[in-house]
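Student: I'd like to ask you about the structure that follows.
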Amino acid sequence: MTTAAIRGLQGEAPTKNKELLNWIADAVELFQPEAVVFVDGSQAEWDRMAEDLVEAGTLIKLNEEKRPNSYLARSNPSDVARVESRTFICSEKEEDAGPTNNWAPPQAMKDEMSKHYAGSMKGRTMYVVPFCMGPISDPDPKLGVQLTDSEYVVMSMRIMTRMGIEALDKIGANGSFVRCLHSVGAPLEPGQEDVAWPCNDTKYITQFPETKEIWSYGSGYGGNAILAKKCYALRIASVMAREEGWMAEHMLILKLINPEGKAYHIAAAFPSACGKTNLAMITPTIPGWTAQVVGDDIAWLKLREDGLYAVNPENGFFGVAPGTNYASNPIAMKTMEPGNTLFTNVALTDDGDIWWEGMDGDAPAHLIDWMGNDWTPESDENAAHPNSRYCVAIDQSPAAAPEFNDWEGVKIDAILFGGRRADTVPLVTQTYDWEHGTMVGALLASGQTAASAEAKVGTLRHDPMAMLPFIGYNAGEYLQNWIDMGNKGGDKMPSIFLVNWFRRGEDGRFLWPGFGDNSRVLKWVIDRIEGHVGADETVVGHTAKAEDLDLDGLDTPIEDVKEALTAPAEQWANDVEDNAEYLTFLGPRVPAEVHSQFDALKARISAAHA
């Protein structure tokens, strides 16, 4: 195989990996790009791409004094979020995808997508993006190569992964890698003018678990196009994890340091809109306690001799912007202060800064909104899209834990599950053991609110382990992997806790202040692990007593805290039928241990409700 066989290659290929070169050559024949470029991951390359995208109208350079080396992108209004209805797990057998995923036969899907891929990069450059999941120092790293026609994706991948020549060197002449194909689906004919945000109305985001391939078409946005993120780090990695005996989870990783300098590490899984990023970057309100962030979104967990260790496979934060401010998440705001940030679909101020709903201070008198239109506080529409994003490197965070670059990871002391429940679920509860905790995670749910247009208010939206859109195989087998890990780890496994920051009183007010004060709950979790405090026995487990929480300096009335810690049996009884139906929906591969734990929960509810 010679590099001459890769039509349009700019310069010599910086690799001797024949498998990689053959794959690229085949892709070139399918996509028909004008040029092929191996990216090196350098700052000079990033700057050059940014300049080109500013000229093309895709990026707007922000005020250099306020946001150094930072840019704003505005996507097409049809391309603003993950599209779960167009996301497929194409396992050989439909039952292996399970009831929570869209399925299509793999060869039929490849045939269909190949029709769309044919010639889809005409007039564009195909970028070869080698990347490493997790620290590049890992002696046995998980690697990938994404072929893409989107410079925005290349720029995002440089922030979100360890990308470029170092990753290519890790792949070497004979190394294996996950193959990721991506095209925005907007070919350019000779002389045709490009648009600022190329995409296609037809979209596919497809994972092939047996062959560890990812094919994406039609979208340039976020997790649809930055294939190292949800597609690899969760959907494909969860399949690898089951096969190899580890776990790929939708979890933050937090380092908590007590006044004596002892560090603890917590992993936590929350569905969307439940405060995950804010907890990952928490600023404790308890004197003497500090926190550092290892990761805000994804954890890969592996057993070692003395316990369960977590690594963050990502290199950056891809956070939701609206609602982020110096009160709710000062660390996120400070992380963006030095610049080097890629913003998408936020508003633009008249002096070249960015703005979104929920930012500190009053809204400016005039903005350009995320669609490029004039906006004033009297406008009916939001200035920033609700799913607008900031993309920034972790090592720029003032609270970045140095261990985020340690390939061996950090030993996890506790795992938290939490949804958004106005009632039923107490503020914090320790589960009885790993199997009980697995059942609690399997039934994780958030109550629907009036804000959910299609939902019946009060019904539960189930999201097992906050992994519902990201389990790359049968959900019952995914739960079996949890049980298997617990059996292997035994008493070395971390304790599992259930938390709920969102309990409301009868008048609708929140009973718990949340945000930085959630450190008080984390302190109780640590105290519980260390055996320093007792607990009340409730239907769901060992629930905290109000007097055991450190409430010094908290304005919240003690009566509210006590109410937030209740687990009313009649409310739990109301959930039983819904939860039973959901376990049935998950199918016959749900482990017997989960069913027996649910039976035990029902028995406790009946006894308390009698």
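Glycine too: its Cβ is placed from the backbone N, Cα and C atoms.
Keep in mind the model is a prediction, meaning the values are calculated, not measured.
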Student: According to Swiss-Prot, ALA273, CYS274, GLY275, LYS276, THR277, ASN278, ARG389, PHE515, GLY516, ASP517, ASN518 bind GTP; which one of ARG242, ARG304, ARG420, ARG421 is listed for that same site?
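Tutor: Between ARG242, ARG304, ARG420, ARG421, Swiss-Prot records just one in the GTP site with ALA273, CYS274, GLY275, LYS276, THR277, ASN278, ARG389, PHE515, GLY516, ASP517, ASN518, namely ARG420.
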Student: Have a look through SER137, SER272, SER328, SER446 and flag the one Swiss-Prot assigns to the substrate site that ARG82, TYR221, GLY222, GLY223, ASN387, SER388, ARG389 belong to.
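Tutor: Looking at SER137, SER272, SER328, SER446, the one Swiss-Prot places in the substrate site next to ARG82, TYR221, GLY222, GLY223, ASN387, SER388, ARG389 is SER272.
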Student: By a simple count, how many Cβ atoms lie within 10 Å of the Cβ of ASP517 (GTP binding site), its own Cβ left out?
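Tutor: Excluding its own Cβ, ASP517 (GTP binding site) sees 21 Cβ atoms within 10 Å.
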Student: In angstrom units, rounded to an integer, how far apart are the Cα atoms of ASP297 (Mn(2+) binding site) and SER388 (substrate binding site)?
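Tutor: For ASP297 (Mn(2+) binding site) versus SER388 (substrate binding site), the Cα atoms are 16 Å apart.
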Student: Considering each pair of residues in ALA273, CYS274, GLY275, LYS276, THR277, ASN278, ARG389, ARG420, PHE515, GLY516, ASP517, ASN518, all listed as binding GTP, report the largest CA to CA distance in Å, no decimals.
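Tutor: Greatest Cα-Cα span of the listed binding residues: 25 Å.
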Student: Around the Mn(2+) site (LYS230, HIS250, ASP297), what further same-chain residues have their C-beta within 8 angstroms of the site's C-beta centre?
Tutor: GLY223, LYS229, ALA233, LEU234, ILE298, PHE470
Student: Among the recorded positions ALA273, CYS274, whose Cβ has the fewest other Cβ atoms within 10 Å?
Tutor: ALA273
Student: Compute the centroid of the Cβ atoms of ARG82, TYR221, GLY222, GLY223, SER272, ASN387, SER388, ARG389, then list the same-chain residues not in that set whose Cβ lies within 8 Å of it, in sequence order, for the substrate site.
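Tutor: Going along the sequence, the neighbours appear as VAL80, ALA81, PHE318, VAL320.
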Student: In this structure, which of the binding-site residues ARG82, LYS230, HIS250, ARG389 has the fewest other Cβ atoms within 10 Å of its Cβ?
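Tutor: Counting other Cβ atoms within 10 Å of each of the binding-site residues ARG82, LYS230, HIS250, ARG389 gives the minimum at ARG82.
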Student: Which one is it, among the binding-site residues TYR221, GLY223, HIS250, ASP517, that lies nearest to CYS274 (active site) by Cα separation?
Tutor: HIS250
Student: Going by C-alpha distance, which of the binding-site residues GLY223, LYS230, ASN387 is nearest to GLY275 (GTP binding site)?
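Tutor: Going through GLY223, LYS230, ASN387 one by one, the closest to GLY275 (GTP binding site) is ASN387.
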